[in-house]
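Straight from TrEMBL, the features:
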type: BINDING; residues: Asp15, Glu195; note: Mg(2+) binding site
type: ACT_SITE; residues: Asp15; note: active site
type: BINDING; residues: 16-20, Arg28, His32, 60-62, Trp64, Arg66, Arg176, 182-184; note: substrate binding site
type: ACT_SITE; residues: Asn63; note: active site, proton acceptor
Amino acid sequence: MKAQGLPRHVAIVMDGNGRWATRRFLPRVAGHRQGVESLRRCVRACAERGIEALTVFAFSSENWNRPKDEVSGLMDLLLLVLQREVPRLAADGVQLHFVGDRTGLSARLVSGLAKAESDTASNTRLVLNICFNYGGRWDIAQAAERLVREGLPITEVNLNRAMALAHCPDPDLVIRTGGEQRLSNFLLWQSAYSELYFTDCLWPEFDEAALDHAIEAFRSRERRFGKTSEQVGGAQPLPLQSQVA
Ligand code: FPP
């Protein structure tokens with residue numbers, strides 16, 4: 001089997017913040033705050049390893065249904081990330097993109113997101129996509145709507161160009177922490193051929209070693225993109241003699 005190189009694009013469902021906090025008798029939002037620390041560590045580790053793009057799921061279209069104080073806690077956290085983390089990310093060569101529906105976000109947040117994107121637009125070390133008020137179904141629908149508006153046919157190529165992550169190659173590796181084994185409306189279109197990796201590790205505890213385990217698992221997989229193993233240079237048929245033996 002042909003070994004894989006490094007994934008170019010890693011995407012992560014950062015799950016388990018709530019449980020991390022509850023186990024420590026802390027409010028859930030304390031888990032999300034710890035999640036920001038984990039995200040900072042992960043961004044640095046990805047850049048050091050030469051990964052080109054990292055996409056993380058920070059707030060889903062469905063997260064509005066959480067308790068009010070948790071939703072406002074996550075909005076405040078995004079503001080804090082903009083104020084405190086963006087200058088550091090900018091200095092570290094990270095190009096930021098906020099991916100998701102901005103309607104429903106406060107005017108202050110919307111202008112902060114736009115400023116963070118323009119301040120980091122010329123950086124090239126690592127692309128960091130933060131999916132906020134994002135859903136895979138929303139993305140497919142907004143891409144289709146855009147094509148209709150522009151009078152373009154709904155083809156795979158046109159949809160690809162209209163999707164919110166058109167500036168990145170599809171994710172090679174999708175990681176989900178926190179023990180659940182589902183995509184939960186994350187990158188539905190883009191993950192068609194991604195390798196999926198699930199770990200019980202809670203997001204606040206996901207460290208460099210955990211990232212390396214995920215990368216090692218990725219490297220041991222055979223990616224066939226619909227072809228056969230022989231076509232992609234993997235398993236060769238055994239010579240007849242050894243098949244008999
Ligand atoms: C899922 O864990 C996590 C979230 C809904 C929020 C993820 C946010 C961060 C990691 C912080 C980064 C935030 C910003 C704004 C950039 P959960 O709450 O569902 O955990 P549980 O399954 O243990 O309850």
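Backbone N, Cα and C atoms are what each Cβ position is placed from, and that goes for glycine too.
Selection of the binding-site residues Asp15, Gly16, Gly18, His32, Ser61, Arg176 by a Cβ distance under 6 Å from ligand 1 yields, in sequence order, Asp15, Gly16, Gly18, His32. Residue pair His32 (substrate binding site) / Asp15 (Mg(2+) binding site) shows a Cα separation of 10 Å. Most Cβ neighbours within 10 Å among the binding-site residues Trp20, Trp64: this distinction goes to Trp20. With respect to their backbone Cα atoms, Leu183 (substrate binding site) and the residue listed as 'active site, proton acceptor' stand 14 Å from each other. Arg176 (substrate binding site) is 7 Å away from Asp15 (Mg(2+) binding site) when you measure Cα to Cα.
DSSP gives Asp15 (Mg(2+) binding site) a coil state; it is part of no helix or strand. A distance of 13 Å separates the Cα atom of Gly18 (substrate binding site) from that of Asn63 (active site, proton acceptor).
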